[in-house]
């Protein structure tokens with residue numbers, strides 16, 4: 001009986017104490033506990049192993065497992081800090097923390113810079129912005145001509161690439177988003193102050209609209 005009980009109560013892989021996670025993040029203990037219920041729902045959607053794989057992550061984000069999405073892949077890669085191809089509960093909470101309204105803007109800027117710096121060169125290049133823009137447009141079901149996309153890229157780099165070397169460094173990115181705060185809308189999810197069992201919906205239509213206009 002004792003052996004059975006100890007087996008039944010064994011924590012899932014990657015599970016961490018809510019008190020410890022709350023001390024490291026902007027979440028309260030009760031919010032971390034609510035996030036665990038959310039995590040269990042996502043991690044069991046395809047394979048019930050206590051870990052979130054890329055397919056489960058994309059399904060939670062976009063309700064679509066039929067095709068890969070560059071944006072979902074980038075978010076997953078940044079959540080997967082241990083680079084194991086799966087996200088455990090600790091990874092999940094710490095990564096979501098950057099989207100909390102109480103987190104300093106500096107951390108949000110860092111995360112968004114890494115999001116676009118797909119080659120991890122320390123710079124955001126034109127091809128990376130183009131790939132991300134096309135991925136965002138695809139998810140929002142907006143259709144823009146190649147000419148309009150190139151115009152958006154021209155304007156972005158004209159405004160952001162102040163030293164005109166054809167790429168955006170970390171300082172240029174910080175200055176650019178400071179002048180265009182709407183670009184960081186996706187980096188704050190207000191309802192993280194009131195966690196429910198619904199996965200935070202990363203809806204980027206507003207960001208695409210801002211870019212287009």
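Cβ coordinates are placed from backbone N, Cα and C, and glycine is handled just like the others.
As given in Swiss-Prot:
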- 117, 119, 121, 128: Ca(2+) 1 binding site (BINDING)
- 161, 163, 165, 167, 172: Ca(2+) 2 binding site (BINDING)
- 31-66: domain 'EF-hand 1' (DOMAIN)
- 67-102: domain 'EF-hand 2' (DOMAIN)
- 104-139: domain 'EF-hand 3' (DOMAIN)
- 148-183: domain 'EF-hand 4' (DOMAIN)
- 2: N-myristoyl glycine (LIPID)
- 140: site 'Involved in dimerization' (SITE)
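Residue counts for the domain 'EF-hand 4' (148-183) under DSSP (helix as H, G, I; strand as E, B; rest coil) come to 26 helix, 2 strand, 8 coil. Note: the Cα of residue 128 (Ca(2+) 1 binding site) and the Cα of residue 165 (Ca(2+) 2 binding site) are spaced 15 Å from each other. Here the Cα atom of residue 165 (Ca(2+) 2 binding site) is found 14 Å from that of residue 121 (Ca(2+) 1 binding site). Under the DSSP three-state reduction, residue 117 (Ca(2+) 1 binding site) is assigned to coil, being neither helix nor strand. Candidate binding-site residues: 163, 167, 172. Nearest to residue 121 (Ca(2+) 1 binding site) by Cα distance: 167.
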